[in-house]
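Q: Below is the structure I would like to discuss, written out as structure tokens.
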Amino acid sequence: MKDLDMAQETRMANAIRALAMDAVEQAKSGHPGMPMGMADVATVLFNRFMKIDPAAPKWPDRDRFVLSAGHGSMLLYALHHLLGYADMDIEQLKAFRQLGARTAGHPEYGHADGIEMTTGPLGQGIATAVGMALAERMKNARYGDDLVDHFTYVIAGDGCLMEGISHEAIDLAGHLGLGRLIVLWDDNRITIDGDTDLSTSTDQLARFAASGWHVQSCDGHAPNDIAAAIEAAKADPRPSMIACRTVIGFGAPNKQGGHDVHGAPLGAEEIAAARAFLDWPHAPFEIPSELTAAWGRVAARGASARANWEARLQNHAARADFIKAEADDTAALPAAIAAYKARLSADKPKVATRKASEMALEVVNATLPQSVGGSADLTGSNLTRSKGMVSVKPGAFAGNYIHYGIREHGMAAAMNGIALHGGLRPYGGTFMAFADYCRPAIRLSALMGVPVTYVMTHDSIGLGEDGPTHQPVEHLASLRAIPNLNVIRPADAVETAEAWEIAMTSKATPNLLVLSRQNLPTVRTTHTAENLTARGAYLLRDPEDRQVTLIATGSEVEIALVAADQLAKEGLRAAVVSAPCFELFAAQPRDYVTKVLGTAPRVGCEAAIRQGWGMLLGPTDAFVGMTGFGASAPAPQLYQHFNITAEAIVSEAKNLI
Ligand SMILES: Cc1ncc(C[n+]2csc(CCOP(=O)(O)OP(=O)(O)O)c2C)c(N)n1
């Protein structure tokens, strides 16, 4: 960069330091240490490299910046204020961590423009950034350098690198050779408890290098050193990690370098000392116009890059396709699924819902070019790969199927990153029992409201001989406990098709499909154009003047129907409700819910624990399900052994009538 005013760049960094210490002081809570320590690195990154336009925060070809060390949120808010994001005025910084402010304790996706993801749970940022960098290469393979050509930068701390998820992420990025991913590690050798030598002695550079990364170290307070490292990182074809040696809380003369500056306000005395040390005479929250202008030049550089990009898009042969994918246009899917459903109701296949899912994916993937599949090394079991899908491989990103390896957590975070990047819609599979391995990333999908689809097969004791380690029992309850997550457990091929329609048209809610290993008959033998699964629960059998209501999900709907037949033989009238998605049912109008549930006593049936059935069953209603872990045996024997049978339902029903 020509004519770079080095002294001014230092003052630009000090503006971040001042805003961070003043905002934390005002809030009387927060973390000044990390923003003050990384202020020089962040300033060099944004001042000399970042391609962003605060006036168009969603511009598709912008560089992505992920603050993986989310506790240092004031670094991001200070940057956004200085860069001139319209929604980050000084009042927002004064209201740091207060109700209704955009400046939440940790950066939250959707709260303010330019926040690329929610961070705070350490390790999620770096792992999500892998998905963003992968999406960039996949879109680049589709549209070329003219439309897709950007970097993903991450600031990560010791905490992010200690978390297990970082291993999965680093391994995957190194294998795929995601050269557009650059991680700036805040190597300050401090965590909350004290020095890092209390708890780690890993050679991080060697670790990253072993996974195929390009690694360097720099002095995190020497701007030209930082810049040279970023230049070299950009030039290298491998993903890059730069260990930035920093002093936590740099600028607070008596506290810097120690863990006390990590997560508490500096206090008035130390702030005064810092002002003197940094030669920062300005009042709290006051930025001299010279520095506002300097930061403004970063935004101006981005605006001109965007204008050039817009011009290229205007004349590009793939313009319409690109715009459609960016908008995540799913308008064609409902009609395609409706036609497919009609065929299913006529054909009445008896297939596992994981197989039905594979069949539905033929329709989904033929209709939505933005769909990107994958599995955590269980493709043949999850049945996530429809015909004609092409594997993504190192150096070959034109495909649409990702082999995430045995990295469930890394997969889930990467899918968040792909969805957040935009232009692609990810789904990925594993065994339902291993939903626990990716739960923190599923929770973030829900919190951020990104429409990732989780394909969780082998959903109960119905998987049989693999035994209790693989048989989910409590997972449905624990996943249903996550707000803004649709947990959908379809009963047959028709409901599975409907579940896929919900998942792939969903805009701000992740969906988790819970699918059986064992074959299930088609219960929806009469075609309905309406997506009944979207109702959450509906009457599958509705006799006049019912005496009992049997409610079941997934593979247990078949059992409930047999039970209703047995009751009918004894002259007893049982309604049967299929309830594939409790969350969607809870969102229905009250009169619909009342109509479905009726006033007769109810028996619930699900091969899982009862927890979570509170909306469907009252205290005097009955439940046929599991109360503990499963066992290793063929599935039919397990259903008998655990008494999840039509006879058990009949007996409970008769007790209640
Ligand atoms: C998964 C997770 N575990 C624990 C925490 C709580 N926590 C926040 S910051 C932090 C220490 C992180 O140390 P480091 O990354 O070195 O940050 P620095 O002290 O340099 O700011 C911890 C344990 C968290 N946010 N996320």
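Positions of Cβ are set from backbone N, Cα and C atoms, glycine also.
Taken from TrEMBL, the feature active site, proton donor applies to E408. TrEMBL lists H31, H262, R354, S381, H458, D466, H470, R517 with the feature substrate binding site. The thiamine diphosphate binding site annotation in TrEMBL covers H71, G120, P121, L122, G159, N188, H262, F434. What TrEMBL lists as Mg(2+) binding site is D158, N188, I190. The domain 'Transketolase-like pyrimidine-binding' annotation in TrEMBL covers 351-522. If you look up TrEMBL, you'll see H31, H262 marked as site 'Important for catalytic activity'.
Are these features on the surface or tucked inside, and what touches them?
A: Non-local contacts of E408 (active site, proton donor) by the CB criterion (under 8 A, 6+ apart in sequence, same chain) comprise A376, T430, F434, A435, Y437, C438.
All protein chains included, H31 (substrate binding site) registers 26 other Cβ atoms within 10 Å of its own Cβ.
Within the same chain, residues at least six positions away from H71 (thiamine diphosphate binding site) with a Cβ under 8 Å of its Cβ are H31, M34, H106, G120, G263.
Annotation for N188 (thiamine diphosphate binding site): spatial neighbours G33, M34, G37, G157, D158, R245, T246, V247, I248, criterion Cβ-Cβ under 8 Å with sequence separation of six or more.
In three-state terms derived from DSSP, H31 (substrate binding site) belongs to neither a helical nor a strand segment and is classed as coil.
Secondary structure from DSSP puts H262 (substrate binding site) in coil. With a 10 A radius on its CB, H262 (substrate binding site) counts 23 other CB atoms from all the protein chains.
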Q: Determine which residues of this chain, when D158, N188, I190 are set aside, have a Cβ within 8 Å of the centroid of the Mg(2+) site's Cβ atoms, and list them as they appear in the sequence.
A: G37, G157, D186, D187, R189, T191, T196, T246, I248
Q: Mind giving me a neighbour count for I190 (Mg(2+) binding site)? Other Cβ atoms within 10 Å of its Cβ, every protein chain shown.
A: 25
Q: Taking Cα atoms as reference points, rank the binding-site residues I190, S381, R517 by distance from P121 (thiamine diphosphate binding site) and give the first.
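A: Of the binding-site residues I190, S381, R517, I190 has its Cα closest to that of P121 (thiamine diphosphate binding site).
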Q: Restricting the comparison to the binding-site residues L122, G159, I190, which residue's C-alpha is spatially nearest the C-alpha of H470 (substrate binding site)?
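A: Sorting the binding-site residues by distance from H470 (substrate binding site), the top entry is L122.
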Q: Within the domain 'Transketolase-like pyrimidine-binding' (351-522) only, compute the mean pLDDT.
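A: Mean pLDDT, the domain 'Transketolase-like pyrimidine-binding' (351-522): 98.
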Q: Here's one to test understanding: among the binding-site residues L122, G159, I190, whose C-alpha is closest in space to the C-alpha of S381 (substrate binding site)?
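A: Out of the listed candidates, the nearest Cα belongs to L122.
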Q: Taking Cα atoms as reference points, rank the binding-site residues L122, G159, I190 by distance from H458 (substrate binding site) and give the first.
A: L122
